[in-house]
Amino acid sequence: MGGCMSSEATAVEARRTSDPKKPVAATPSATPAPASATAASSAASPAAAAAESSAAPQANGSVPAQQGLAAALMQAPEPSSSASPRNNRDNSNQIDRQLEDDSKKFKKECKILLLGSGESGKSTIVKQMKIIHQNGYSRDELLQFKGIVHKNVTDSAQALVMAMRKIGVDPEDPTNRSHADRIVEYRQESDGAPVPADIFRAIEALWHDPIIPVVMDRSSEFYLMDSATYFFANIRRIGAADYVPDEADVLRARTKTTGISETRFNMGQLSIHMFDVGGQRSERKKWIHCFEAVTSIIFCVALSEYDQVLLEENGQNRMQESLVLFESVINSRWFLRTSVILFLNKIDVFKQKLPKVPLVNYFPEYTGGADINKAAKYILWRFTQTNRARLSVYPHLTQATDTSNIRLVFAAVKETILQNALRDSGIL
């Protein structure tokens, strides 16, 4: 059921039919490149994994895959009783060459399913693919994120004020108490409506109040989007009248994914069709439409979610929810021939949180303290323990908002996908 199609059997049959007197020779196959060592049982460094990647041979077909065979047949002269054996052999060889080129083209097309629970970083990975493989964002495309960033900022500021009231603290500066009231009372007139300048000034002033570090130390007691601190730190730039989001802003902008979105791009000799599906529970029923002919799955887990609860079911731990979801995916009959690439994402947020919020509070059997490597390996172990189907799992520590990190990781991921594609097409 692989996501890369092969036409080698068709090539053999075509040669047998085109010249019954000619012995059928095996179709030559490209020698596969060695797979990179990304299937380590521990969360290996992305840079190290990328360094071990090797370049696979390039496909040399220049005729579109769906038109190549038809073009070859149209160019071949019609058979006649006076045709020489040499002409017949030339025509047969031309068709054989075209079939081989078409086969190489089909092997390049691979389907990747991007799975994971809500806010695990899936859509950020898709944005990175646009930056890395599709020449990034134009100015007009960047401007489309301006309203999204502004809404993320105001929503986060309101969540921060509500959190302060929940834990029973007020801003130390009396002026900031008025700012807090103004922020909570603010309502956007309509989607995309400009945010008043005084709201941005109020948010900036509140963010610099001395009570904020105290509030943030208790961040496990309330929900605040991961990018909130980044946006607050850049509030003056974001609130400027001539503000145009940059790619760093776009990568951190949060919108709920609904339905299924497809992104197409080339990654070396691979033509990738990547499907991003909504991670919320209400969206998962739509995944079934993407299950057929999948080459690889990229499953995203936010390492930093170990102390958080679901937005749709307050009280359900997000990490436990991700474990249940991963178990259902990796043991599904749909993916028996599919490689699973596990992104242990948001390593940057995880590093900041672990010393303040002990992992043992949520996973009592963990004994590694605040050691980031031990904590990451423990979480990886929890996920691999669900793999009853014994599929190949390729783990990577990732920071989806860091383009250089994702570029290195995908150098290794490319080898995993290519290896699976070659196996599915019968070459390995």
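A Cβ is built for glycine as well, from the same backbone N, Cα and C atoms used for every other residue.
In TrEMBL, annotation is done automatically, which means it is predicted and not curated.
Not measured: the values here are computed from a predicted model.
Among the features that TrEMBL reports, region 'Disordered' is placed at 1-102.
Summarising the annotation, TrEMBL assigns compositional bias 'Basic and acidic residues' to 13-22.
Taken from TrEMBL, the feature compositional bias 'Low complexity' covers 25-57 (among others).
Among the features that TrEMBL reports, compositional bias 'Low complexity' is placed at 65-76 (among others).
Residues or ranges marked as compositional bias 'Polar residues' in TrEMBL: 78-96.
The Cβ of Ser123 (GTP binding site) lies under 8 Å from the Cβ of Thr255, Thr257, Asp276, each on the same chain and at least six residues away in sequence. Under the three-state DSSP scheme, Ser123 (GTP binding site) falls in the helix class. Taken from TrEMBL, the feature GTP binding site covers 119-124, 226-227, 251-257, 276-280, 345-348, Ala400.
Summarising the annotation, TrEMBL assigns Mg(2+) binding site to Ser123, Thr257.
Under the DSSP three-state reduction, Leu251 (GTP binding site) is assigned to helix.
Counted within 10 Å of its Cβ, the other Cβ atoms near Ala400 (GTP binding site) come to 26, all protein chains included.
Within 10 Å of the Cβ of Leu251 (GTP binding site) there are 23 other Cβ atoms, across all protein chains.
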